[in-house]
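One structure below.
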Amino acid sequence: MNPNRKIITIGSICMVIGIVSLMLQIGNIISIWVSHSIQTENQHQAEPISNTNFLTEKAVASVTLAGNSSLCPISGWAIHSKDNGIRIGSKGDVFVIREPFISCSHLECRTFFLTQGALLNDKHSNGTVKDRSPHRTLMSCPVGEAPSPYNSRFESVAWSASACHDGTSWLTIGISGPDNGAVAVLKYNGIITDTIKSWRNNILRTQESECACVNGSCFTVMTDGPSNGQASYKIFKMEKGKVVKSVELDAPNYHYEECSCYPDAGEVTCVCRDNWHGSNRPWVSFNQNLEYQIGYICSGVFGDNPRPNDGTGSCGPMSLNGAYGVKGFSFKYGNGVWIGRTKSTNSRSGFEMIWDPN
């Protein structure tokens with residue numbers, strides 16, 4: 001083959017290879033483009049998608065606390081809790097408190113207390129001996145824990161208070177203001193729902209313990225008047241934090257303060273403090289229509305402090321050592337009574353529960 005034909009042949013072969021290579025590249029480009037188009041189409045293809053959002057909340061069980069059962073028969077008592085607040089307060093932040101009490105819902109028990117707006121071993125704790133001051137508040141914390149700013153919940157401005165749970169929400173009652181014009185503020189689930197104004201303008205005050213709830217209604221007893229003479233006493237019926245009925249007791253020669261109330265067989269019984277002239281405790285029992293009966297615990301085991309030595313009981317005020325007094329409680333059961341009282345007859349020291357079957 002002459003040189004010219006060789007050159008032409010080699011050039012033709014190179015041209016064919018180049019054309020084939022070009023066609024392969026074009027095919028590759030077309031393949032990539034088609035593949036990309038298919039993926040893009042799939043990404044934008046409309047498909048029915050279920051996008052239902054289910055909002056889940058922690059359900060809080062609501063019940064009706066009927067209170068229709070009678071008190072359980074028991075043979076003794078056991079200690080439930082102790083917070084050791086004074087000991088812990090020597091190093092930790094613990095409130096200066098008085099008037100503590102426990103109240104339970106169907107889900108939890110809480111300790112309620114009246115603070116003095118100060119901590120133990122702090123400069124503001126000096127002079128915190130007054131029963132009524134603008135610094136006092138009702139607060140609560142889990143039962144058994146020392147009351148501190150870190151575990152306590154504000155409930156109400158108060159120097160006298162009560163609280164209870166109806167099966168749905170907490171009801172709190174906080175009394176504050178001047179002695180001649182105090183006001184009780186009712187809160188239900190933390191919201192102010194009603195008020196009760198002092199009707200005798202002489203230190204309106206209430207239980208310093210839990211109110212009692214029966215079939216969705218809650219009941220409390222309040223006092224307005226002298227602490228050493230005849231005063232005025234009212235029972236209040238509340239529903240969802242609002243007063244729906246009240247009645248003033250016709251109770252001459254009786255003195256009711258700081259009542260301790262409990263439901264019993266669909267009714268409510270309260271055992272109270274006579275600060276006027278009784279070393280035994282007055283009681284009032286009423287139904288849900290506020291029809292009531294009154295009396296004094298007749299037992300010769302006297303429950304107040306100061307008090308005389310045990311002896312012959314009286315169904316009226318036992319006047320021996322009858323002046324002054326202390327909050328306390330008793331549980332009437334059948335013809336007998338469980339009496340809670342101080343061990344000392346003349347000082348607020350010690351505690352004991354005594355069963356008097358008569």
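The backbone N, Cα and C atoms fix where each Cβ goes, glycine too.
Because the structure is a prediction, the values reported are computed rather than measured.
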Pick from CYS211, CYS218: the cysteine that Swiss-Prot pairs with CYS213 in a disulfide bond. CYS218
Looking at the Ca(2+) binding annotation from Swiss-Prot, with ASP274, GLY278 already listed, which candidate in ASP250, ASP304, ASP310 is the matching residue? ASP304
Given that Swiss-Prot annotates ARG98, ARG132, GLU257, GLU258, ARG348 as substrate-binding, name the residue from ARG110, ARG153, ARG273 that shares the site. ARG273
Need one number: mean pLDDT over the region 'Involved in apical transport and lipid raft association' (11-33). 69
Any idea which of the disulfide-bonded residues CYS211, CYS259, CYS261, CYS315 has the thinnest Cβ neighbourhood at 10 Å? CYS315
When you rank ASP131, ASP274, GLY278, ASP304 by Cα distance to CYS218 (disulfide bond), which of the recorded positions ends up on top as the closest? ASP274
With every protein chain in view, what's the tally of Cβ atoms within 10 Å of the Cβ of CYS104 (disulfide bond), excluding that atom itself? 13
If you rank the recorded positions ASP131, ASP274, ASP304 by how many other Cβ atoms lie within 10 Å of their Cβ, the lowest count goes to ASP131
For the disulfide-bonded residues CYS213, CYS298, the largest set of other C-beta atoms within 10 Å encircles the C-beta of CYS213
